[in-house]
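Down below is the structure, laid out as structure tokens.
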Amino acid sequence: MAGDRAEEEEGEAPPPEARAAAAVERVAAAVEAVAAGAGAGAGAGEYRNAYRRQLLALSRRIRLLGPFVEELRERRRGEGEGEEEERALAPLAAALEAALALLRLGREGSRISLVLERDSVMKKFQGVILQLEQALCDIPYNELDISDEVREQVELVHAQLKRAKERIDMPDDEFYNDLLSVYDKNYDPSAELAILGRLSEKLHLMTITDLTQESLALHEMVASGGGQDPGEHIEKMSMLLKKIKDFVQTQNPDMGPPMASRVLDSNGDSRPITIPDEFRCPISLELMKDPVIVSTGQTYERACIEKWIASGHHTCPTTQQKMSTSALTPNYVLRSLISQWCETNGMEPPKRSTQPNKPTPACSSSERANIDALLSKLCSPDTEEQRSAAAELRLLAKRNANNRICIAEAGAIPLLLSLLSSSDLRTQEHAVTALLNLSIHEDNKASIISSGAVPSIVHVLKNGSMEARENAAATLFSLSVIDEYKVTIGGMGAIPALVVLLGEGSQRGKKDAAAALFNLCIYQGNKGRAIRAGLVPLIMGLVTNPTGALMDEAMAILSILSSHPEGKAAIGAAEPVPVLVEMIGSGTPRNRENAAAVMLHLCSGEHHLVHLARAQECGIMVPLRELALNGTDRGKRKAVQLLERMSRFLVQQQEEQESQSQASAQVPPQATPEQVPENDIPEQLDSPASQYPMVV
């Protein structure tokens, strides 16, 4: 019946009055959209490309039709001849909609592409102008009851369009030739800087924000399949944009970051903050939320590289190498470093956008039957069957991503969780390891957490065999890469158990525990739990371990904990300064920067003078100066801040010494005890014990 009704409705033409009303609304909507776009885009500043003059002229002429639209709408409230009105206004509506599309392209399209395709773009301009001019030529003003004043304004627009139709206003030839020469790589290398300077200025690509918008526009072309030869065309334009970006940043090293990259300081004032290049997606130039690694080893924001691949590209955007596979591997380490950097700089860690459910490859019927049979065995009262089924699921989940998806979809997660409390330690070990393998797939993490898995995993972490405990720690690490799960895991007793494993596990177990603790301690609320669980003494033991085992992990955790007041106190109590000074002087680049970060926190705390004095004794100035010159970007910043604190401390120390010397020279000789008159001695004295510590 629904289909029959649809056919009947499709067969009936709407009455003339309805068609006329629709035409009026189409005209009005297009004019209002142009006016709204001009207002939202700050008028003259919205078209920042080679066609700015032409686009502004077109926008201005359309906005002059505003009073005409108002009178059309006013007339529609009365009665009129629908057919004539619809016949006159339908072509105008179509012309205005074409103009609106062209203006939108000028506002949102790639600035580089607009110039390279100037012949096509100018044809669009000419087509739109011709269409508008012809539509306005046939307007029956008398029949539409348009006032003389508004008619004069519309005729003015018509006259302007008629003149514009007769001349071609092409963009700057030098501009076009400059862009084409860099695009095709046929320019004199000695002239490259001059050409790039002209291009960045004329394309209005002078700030990170401009460059980011252009990069997004280019890759939006990829996503929409635009361009005659999207593969080579987009790649060449991306390389051209990279050249302009490198030129602009070389000319202006202090170029401001995107407007969104601002934080509030202690006074509540907004301040810009520079995002490290390694945290930016090479495609969008923005801080990555969900970094993933492609087969060439390059890291991109997941959404950006997925659009690139979905558009038929098989090369890496950065290296231009062919990608052997389209598989994307989450870059957990970089994601954790980005979260840590955000917290250190007072920024909200980026939230990964929720990915829409994507169709996943289904298991074959035989594979699904095998998985279902294994799940039936998990429910068996026979311990042997449970153990063998858990072991086989563990291996299947380890094998490939399709298996992980199919096993989870078959309902294995709740059944495996029920086995974590099994009295058979081997069954428990297989079950927790199967969950670890399943958790590698992003979608399965949410299923594991929502099934209430954390308390059961923590139970295994505390009571299982050593291998089960280690794999439980690895499972918590895998789950904790999601920011909101850090809170859940930390609140359910996982941290003390991880600290215990860090102290007594095998080398692999300690590494898994350290990785999980690092992830969890990125969340501020978990730092206190870790400190109270005794993590700092263990970490200091690893830092001073002569074998250097887990040194990188230990320094990373120490850097995170030093930003917490309790952590700062616990680290300070462990006499860390000599070790940290040595690390600043001779550690790996990452460990040097972490050691400098810890020292900086200690030297800004309650006992900062003690730590500054100890650092001076240990000779910190020389390694600090070297780090400030040759360290990582973060290491340089920390070293410079520490040098400033040390310099102020040394100046203050010298001033105090000079003040004491002057005071000693001015104080008169003190009377000996025999010279003090008896009546000058007070009758009662406070106990010296209340003022001075007793030396024993």
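Cβ coordinates come from backbone N, Cα and C, glycine included.
Keep in mind that TrEMBL annotations are predicted by a computer and have not been checked by a curator.
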I'm validating the feature mapping. Which of 1-21, 295-315, 631-651 is tagged region 'Disordered' in TrEMBL? 1-21
Against which stretches of its own chain does the repeat 'ARM' (411-453) lie, if we need a Cβ under 8 Å and a gap of at least six residues from its ends? 330, 355, 371, 374-375, 378-379, 383, 386-387, 390-391, 393-394, 397-398, 401, 404-405, 459-460, 464-465, 467-468, 471-472, 474-475, 478-479, 481-482, 485, 488
Could you count the residues of the repeat 'ARM' (411-453) that DSSP puts in helix, in strand and in coil? 35 helix, 0 strand, 8 coil
Tally of DSSP helical, extended and coil residues in the domain 'U-box' (274-348): 25 helix, 12 strand, 38 coil
